[in-house]
Each structure stands twice: as structure tokens, then as C-alpha cells.
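Below you will find the structure I want to go over with you.
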Amino acid sequence: MYPIILLSFLGIVVLFLGFAKSKAILLPATLLFLAVALVGNFVEWNQGTIIYFYNMLAVNNLTLAFNGIVLVSAFMIVAMTRGFQDDDEAQPAEYYAIMLFSLVGAFMMIGFENLIMLFLGLEILSVAMYVLTGSDKRNLRSNEAALKYFLMGAFATGILLFGIALLYGATGSFTLTGIQAYIGQGNPSYLLYGGLLLVLIGMLFKVSAAPFHFWTPDVYEGAPTIFTAFMATIVKTAGFAALFRLLSHSFTGIYDYWWITLAVITVLTLLVGNIIAVYQDSFKRMLAYSSISHAGYLLIALTAMTPQTENSILFYSMAYSVATICAFGVLIPLAREKAMTGKPRETYEAFNGLARNNPLLAFVLTVSMLSLAGIPLTAGFWGKFFVFGSAAERGIIWLLVVAILMSAVGIYYYFRVIMAAYMKEGDTAEIRVAPFYKIVLVTATIITLLFGIAPGLFTGLV
Amino acid sequence: MNTNYLPSGFLPIVVQFVLALGFIVVTMIVTHNIGPSRKGKVKDDPFECGIEVVGDARTPISVKYFLVAILFVLFDVEVIFMYPWAVNFKKLGMFGFVEMVLFMSLLLAGFYYIIRKGVLKWEE
Amino acid sequence: MQEPSIPDIIQLIPLKSYLILSTALFVIGILGVLIRRNAIVIFMSVELMLNSVNLLLIAFSSYKSDPSAQVFVFFIMAVAAAEVAVGLAIIVMIYRNTRTIDIGFLNKLKG
């Protein structure tokens with residue numbers, strides 16, 4: 001609860017810091033504020049479940065851990081945003097402030113106890129993302145991405161709201177416990193089923209699960225890369241935390257009704273994400289499809305809904321976020337360098353011969369690709385392991401078969417990048433990266449490897 | 001009060017609706033057919049209070065108008081949160097007052113930001 | 001004779017009628033989003049969807065004598081206003097760059 005209040009307030013402070021003469025203070029200030037929020041987040045660690053604001057928000061170790069993932073991801077991404085200050089048009093204070101505000105939305109989604117909070121959190125996060133997507137004002141691709149994201153996002157919000165209204169009509173309550181109690185009485189109204197379906201569709205839109213994924217590649221490609229990283233990690237983590245909370249706290253009573261729907265969507269998402277990713281030439285677009293496929297893996301855990309699910313979603317989000325930040329973190333300086341020489345910027349060819357002059361970047365990229373592909377000794381492997389384990393526990397073997405086949409497909413397109421970096425001939429000059437940037441990339445890589453070797457360090461925490 | 005509304009009770013509304021629509025259609029047809037039709041360059045010009053017509057109607061409007069309109073929408077709608085407070089003013093007491101002051105100060109922070117950004121300076 | 005209260009007036013019409021009306025409005029909104037090509041019209045369709053939700057929530061709220069749905073409606077209205085501000089800003093930004101708001105023009109991003 002503290003990070004919500006802290007970041008709401010500190011976001012306004014960042015906004016007003018923008019009026020200072022020197023813009024140099026903004027980045028350290030934002031990082032400091034994020035660190036403060038991180039400390040504030042863990043003040044309530046190990047105090048059991050605390051309910052705030054008349055049953056609006058709940059705080060427990062799980063939500064705090066999700067908040068932690070979101071905050072650390074945001075910290076890394078903000079640390080990478082050095083480029084803002086070069087541009088006259090850019091408004092760094094506003095971007096930092098919007099990022100901080102969007103985190104507030106993410107926290108509300110993670111800890112909601114009342115559907116009003118789910119809606120508000122989702123909107124705070126989404127509206128902030130629409131602005132950030134379109135922040136490259138002169139670039140038509142960024143404009144287009146923003147409009148697409150906005151129209152699709154608002155559409156999804158409408159569907160979600162209608163679902164919430166129907167749920168309220170059936171149960172007479174917006175709280176998770178109220179809905180659960182209603183289902184516990186037995187013989188639920190048809191409004192409840194319709195409402196649940198619409199709420200699921202709205203949420204799956206936001207986490208870009210197939211067949212509601214079609215906006216994702218365009219938006220991810222058009223948005224400035226740094227904000228694509230923000231979207232791919234924080235929006236997805238918060239979205240899955242919210243979906244998990246909704247399904248596990250309210251709808252376990254009618255599991256038989258929704259699990260098959262979710263299973264079909266999971267299979268579709270896995271197929272679409274992985275198979276289309278194979279045919280991409282653009283690295284950024286491939287990462288967009290890869291994010292769809294990772295949504296599929298996370299959905300497996302949701303479909304299974306065993307006691308292990310919360311830990312597997314938590315671990316998977318962490319592994320996926322860190323690896324994705326590394327991938328985008330390598331792409332940003334590389335694309336900037338390529339743009340200066342007028343070469344293709346975001347295709348696989350851009351990575352040709354990266355290893356010769358930039359061994360560090362190539363190594364970071366390799367680890368992140370291995371982690372996304374789920375190769376042992378990286379965090380991504382254990383993420384997949386836990387997720388598949390929860391499906392096996394529930395006994396949904398056919399889902400497991402599809403998932404394992406699709407992760408084999410995934411290895412193909414992730415290794416294409418590694419092959420380009422190490423095997424192909426290319427002439428990428430040495431890329432100068434700020435020391436701070438380097439520290440972030442190396443830390444993220446160490447996290448990936450550390451939890452890859454000893455996942456117990458992380459799972460033991462929660 | 002009569003609480004039983006039968007479908008026949010809506011008949012006056014239907015009659016009113018038909019009459020309103022009929023009046024419009026009839027007047028449009030009649031004016032088209034009765035009035036003499038003379039065409040001319042001066043007559044077909046858009047009427048602009050007697051002065052010469054200048055340019056196209058769809059000229060670009062300064063973005064300042066747009067900004068002010070958007071800001072108006074934002075600040076206008078936030079007022080709805082004062083209604084529940086006003087209705088329960090006595091019952092909410094000091095707690096409600098403090099919460100509302102907090103809410104208004106956040107709004108005012110946004111307003112101050114707008115002023116500092118120079119959005120409301122029209123002359124420049 | 002005493003004036004009837006607003007919930008009483010709302011309850012003169014059966015709940016099912018509200019449900020049908022707001023579902024119809026909602027479906028019109030969805031069709032508008034899917035069929036129309038003009039960004040502003042799509043946007044209006046989305047607003048129609050939100051307002052159908054508001055109507056439904058108010059009807060349920062009166063029937064259940066529970067004010068929490070009305071509070072939800074306040075929040076929907078406030079958030080919709082914020083969304084309008086951002087959405088119109090995006091549309092104006094695109095109009096300034098391309099001189100059109102037809103979504104058929106948006107084809108720079110293809111895989």
C-alpha cells in the first residue's frame with residue numbers, strides 16, 4: 001500500500017522537477033524515488049494479509065513480491081532511459097512521471113480486492129501506456145501504434161466493464177469475497193457466466209492472448225523501444241497477477257466452467273505466438289510475438305490453478321521480465337548505432353557480427369535469449385519447469401504436449417539471434433554504452449543466471 | 001400515482017413523434033416545391049453577415065483551443081466526485097473533509113502544472 | 001400525494017428491459033468499433049459501450065438498493081473523461097502529421 005501513496009506523490013514531484021533549469025536531476029531523482037518505493041513496499045513483508053481502504057486493497061507476501069518484480073523492472077528500464085535528454089522535443093519529466101503513475105496502476109491491479117480497483121488500476125496503467133506509446137510525436141509509426149493501442153485498449157475496457165456490470169447484477173457485490181460467497185451458495189445465475197466470460201476477454205486483451213493479440217505486434221514495433229520494454233514486462237506482469245487474483249479468489253467454485261475456455265485460448269496463444277514468431281524478420285516484432293507466446297505459458301499455470309500456480313506465475317514473470325529487459329536493453333544502443341550508419345536497425349541482420357567488437361552485449365543477449373527459450377541454467381528454464389509442473393499436477397497432459405512442442409519451436413527463433421551475433425559476418429563497430437547502463441545489463445544477466453542455477457533462492461522467499 | 005404502464009399508455013408519445021417527424025418532412029417538401037428556384041453566383045454563396053466570404057470553412061484551428069477544450073473536459077468531470085460528498089456531508093464529517101481537501105489539492109497540483117507549462121497563455 | 005423516489009421510478013420498468021436495452025447499446029458500440037473506419041466514430045462507439053455499462057449498473061443498483069454501483073459509475077465517467085483527453089490528443093497528433101483520421105491510412109506497421 002505504501003508504494004501506491006509514495007509513487008502517486010513522488011510522480012507529481014517529478015512532474016514539477018521538470019520545471020528546474022537542469023534536466024540532469026530527473027533521472028537520478030526518479031531512480032531514487034523508485035528505490036524509496038521499493039523499500040516502502042517491503043515494510044509490510046511477512047505481516048500476513050492486510051486489508052486497506054474499506055476492503056478495496058489487500059496486501060500479502062504474494063502481492064508484495066509482484067510489486068517487487070514490477071518495481072525492479074521499472075528501475076532497470078528507467079535506468080536505461082539516458083537518451084531522452086538529447087532531444088529538444090522530448091519532455092523527460094513528463095515521461096518519468098507517467099512511468100511512476102503507471103506503476104501505481106500496476107500495484108492497484110496486483111492487490112485489488114474490489115473490482116473498482118481492478119478497473120481503476122487497469123485504466124491508470126493503460127492510459128499511461130497510450131501516452132508513452134505515442135511519445136515519438138513526429139514518427140508516423142509511433143502515432144499509428146498509439147492510436148491502435150488506444151482504440152483496442154478502450155474497446156477491451158468496454159468489454160471488461162460490461163462483464164463487471166453483469167457480475168454485479170448476478171452477485172450484488174464488487175468484492176472478490178462477495179462473488180466467491182455468491183458462487184458458494186450454488187446454482188449461480190446465467191449473468192455470472194456471461195460476466196465472467198466478458199471479464200476474461202477484457203483481461204486477455206490486455207495481456208495479449210490469442211485471439212485477442214492482433215494489436216500487440218504493431219504496437220510493440222511502433223512504440224519507442226524503451227516503452228516497448230515497459231509494456232512487455234510491467235503490463236504483462238500486472239495483468240497476470242490481476243487475472244490470477246480474480247480467478248483464484250473468486251471463481252474456483254466454477255472451475256469446471258472456465259478451465260476449458262482458458263485451455264483453448266492457451267493453446268491458440270502458444271500456437272500463434274511461436275509459429276508466427278518464426279517468420280519475422282524484425283527482432284522487435286519477434287519479441288512481440290515471443291511476448292504473446294510467453295503469455296501462453298503463463299496461461300498454462302492459470303488454467304491448471306493448483307496451489308503451485310501462484311509461485312509459478314511469480315517466478316515466470318520474474319524470469320521473463322528480466323530476460324526481456326536484457327533483450328531490449330541490447331537492442332536500444334545497437335539500433336541507435338545502426339541508425340547513425342543508415343543500416344537496417346531492428347532486423348536480425350543488425351546483430352550480425354555483434355560478438356566481435358561487443359562481447360559484453362553479445363553475452364547479455366545470449367543469456368537473455370537462452371532464458372526466454374527456457375534452456376537449463378537460466379531462470380527461464382525453471383519458470384517453464386514450474387509452469388509445466390502445475391499443468392502436470394492437474395493432469396492436463398494434452399496442454400503440456402502442445403507447450404513442450406512449442407517451446408521447441410521457440411528455440412529456433414531465439415537461436416537465430418545468437419547465431420547472427422556469433423556466427424555471421426558483420427561489421428558492427430564498438431558501441432559505447434554508459435557505465436550505468438552496463439551495470440543494469442550485467443545485473444539483469446546475473447539475476448537470470450543466479451536464479452537459473454539456484455531457483456530455491458527465489459521460491460524460498462515467498 | 002398510477003404505477004401500471006400499459007403499452008397503450010405510450011400512444012401519446014408515438015403520436016407526438018409522428019407529428020414532429022411529419023411536420024419536418026412536409027415543410028421540407030413544400031418549401032422545395034413552392035418556392036421559385038433562382039440560381040446565381042452571389043445567391044449560392046454562403047451567407048456571412050453581409051461581408052465577403054473569406055477562405056474555406058475548414059481552416060486549421062489553433063491547437064490552443066483544443067488544449068483548453070480537453071482540459072475543460074478533464075476538470076469538469078472531476079467535479080462529479082463532489083456530489084457524493086455533498087450528499088453525505090454531515091455524515092462524512094471531518095474525515096470526508098480531509099479526503100476532499102486531499103483530492104482538491106491533487107487537482108490543483110495538476111492545475112498549477114498546466115499554468116506553469118504555459119498552456120493558458122493565449123497571446124504567445 | 002408524495003413524490004415517488006427515483007429508485008421507485010426506475011423500478012417501474014422490469015430489470016430485463018434494462019438488460020436488453022443496455023445489451024443492445026453495447027452491441028451497437030461493438031459493431032461500430034468493428035465496422036466504422038473513422039477514428040472519431042470508433043471512439044464514439046467505445047463511449048457508447050461505456051455508457052451502456054453505466055445504464056446497466058444504475059439499473060442493478062436501484063433494484064438491489066445498493067449504492068456501490070453508482071460509485072462505480074462515477075469512476076467510469078471520470079476515467080472515460082481522462083481516456084477521451086488522451087485519445088483525442090492522439091487523434092489530433094495523427095491528424096497534424098497525416099491530414100486524415102481514417103484508420104485505413106494506418107498501414108505503416110505490417111509484419
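From the backbone N, Cα and C atoms, a Cβ is placed for every residue, glycine too.
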Transmembrane segment per TrEMBL: which of the ranges A:114-136, A:436-458 is that?
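Among A:114-136, A:436-458, the range TrEMBL annotates as transmembrane segment is A:436-458.
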Given the transmembrane segment (A:257-279), which of the listed stretches A:93-110, A:146-170, A:226-245, A:313-335, A:395-415 has the most Cβ pairs that are under 8 Å apart from it?
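Looking at each of A:93-110, A:146-170, A:226-245, A:313-335, A:395-415 in turn, the most contacts to the transmembrane segment (A:257-279) are made by A:395-415.
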Counting only residues 6 or more past its boundaries, what in the same chain has a CB within less than 8 Å of a CB in the transmembrane segment (A:286-307)?
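Sequence-remote neighbours of the transmembrane segment (A:286-307) are 207-210, 213, 216-217, 219-221, 228, 232, 236, 240, 243-244, 247-248, 252, 255, 259, 262-263, 265-267, 269-270, 272-274, 276-277, 280, 313, 316-317, 320, 324, 327-328, 348, 372, 383-384, 386-388, 390-391, 393-394, 396, 399-400, 403, 406-407, 410, 413-414, 417.
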Would you call the transmembrane segment (A:93-110) and the transmembrane segment (A:62-81) in contact, using three or more Cβ pairs under 8 Å, pairs 6 or more apart in sequence?
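Yes, the transmembrane segment (A:93-110) and the transmembrane segment (A:62-81) are in contact.
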Residue list, the transmembrane segment (A:436-458) vs rest of chain: Cβ under 8 Å, 6 or more residues beyond ends.
76, 79-80, 82, 315, 318-319, 322-323, 325-326, 329-330, 333, 360-361, 363-364, 367-368, 371, 376-382
